[in-house]
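J.: I'd like to ask you about the structure that follows.
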Amino acid sequence: MSYARIIGTGSYLPDEVITNHDLERLIDTSDEWIRERTGITERRRVAPDQTCGDLAEEAARRALEAADVSLSSIDLVIVGTCTPDRVFPSTACLLQERLGMRHGSLAFDLSAACSGFVYGLGVADQFFRTGAVRRALVIGAETMTRILDWNDRATCVLFGDGAGAVVLDRSEEPGILSTHLHSDGRYQDLLGVPWGPGQGYEKRDALGPYITMQGNEVFKVAVRTLSRIVDESLAANGLEKRDIDWLVPHQANIRIIQATARKLEMPMERVVVTVDKQGNTSAASIPMALDTAIRDGRIKRGDLLLLEAFGGGFTWGSALIRY
């Protein structure tokens, strides 16, 4: 059996920084209120002429440079996003052409909200295990600020824009040890964007093409669910909590991150945290955090990583990876 191993990472943040103090001038909120409840101090926003694909392209190029591989060797591109450039073609197809990749290689988007990158890893891993691909590019990219109601202080303080990417290579030794993916549509109304083009554009103004969230309920389910997936991931591989070197969580909220760390009995010094400077970037948050910790030297070859995410749907998932 063939396995997938990470050989390169990359990330990209747009230039504009929006601080909590900037938001104080827009809505009824405060820097203290935001920091205490979320851990966020600032987030990034795309320029008017930037798209999700632009962010994904920059992250992909940096990951490919780090991996030192040719574009022609990439067999598969998966983009996890809920803010694609177009309804169709997929952002992955657009990116395939923009990067100058081999025509005929496989490219598609995957929509699982904040779990999109972990879902992408899980799907890519199966392509490797069946021997269908030799090399893949998995990306999480989002322009969340484009779907925010800037008058809704419950959501507009949380989200930011960005992209992260990894290059996966075929290996005889497991890099991705296992992935665990789940969803539960019962919770569809707690977090999401209630409008979509399939409902007709005449309904857009009535429903609002913006994120809506019942924050307290989302928090309760997220903490409970992520606790279970920690146990599931470890049990599937015959591992103990002490075996995990690094937790690389979805950067939704510092309180959710801390709750997962407590479940693992892991000190926060072994948890990669970027939510303070980036906010919740949905599917982009995990690959960006991973890239940050690899480039600054915290994560080293041979380290055992637990990636976990939770998002609208609800969707949730984990990936246990030997880096």
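Cβ from N, Cα, C; glycine included.
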J.: Suppose you had to name the range Swiss-Prot annotates as region 'ACP-binding'; which of 36-40, 216-220, 251-255 would you pick?
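T.: Going through 36-40, 216-220, 251-255 one by one, Swiss-Prot flags 251-255 as region 'ACP-binding'.
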J.: Per DSSP, what is the residue count of the region 'ACP-binding' (251-255) in each of helix, strand and coil?
T.: 2 helix, 0 strand, 3 coil
J.: Could you state the whole-number distance in Å separating the C-alpha atoms of Cys114 (active site) and His250 (active site)?
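T.: With the alpha carbons as reference points, the distance is 7 Å.
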J.: Could you tell me which three-state DSSP class His250 (active site) falls into?
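T.: SS state of His250 (active site) = coil.
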J.: Any idea what the Cα distance is from His250 (active site) over to Asn280 (active site), rounded to a whole Å?
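T.: Answer for this pair: 8 Å between alpha carbons.
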J.: Using a 10 Å radius around its CB, how many other CB atoms surround Asn280 (active site)?
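T.: Result for Asn280 (active site): 23 other Cβ atoms within 10 Å.
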J.: Please give me the CB contact count at 10 A for Cys114 (active site), counting all chains in the structure.
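T.: Looking across every protein chain shown, the total is 32.
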J.: For the region 'ACP-binding' (251-255), would you mind checking the mean pLDDT of the predicted model?
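T.: When the pLDDT values over the region 'ACP-binding' (251-255) are averaged, the result is 97.
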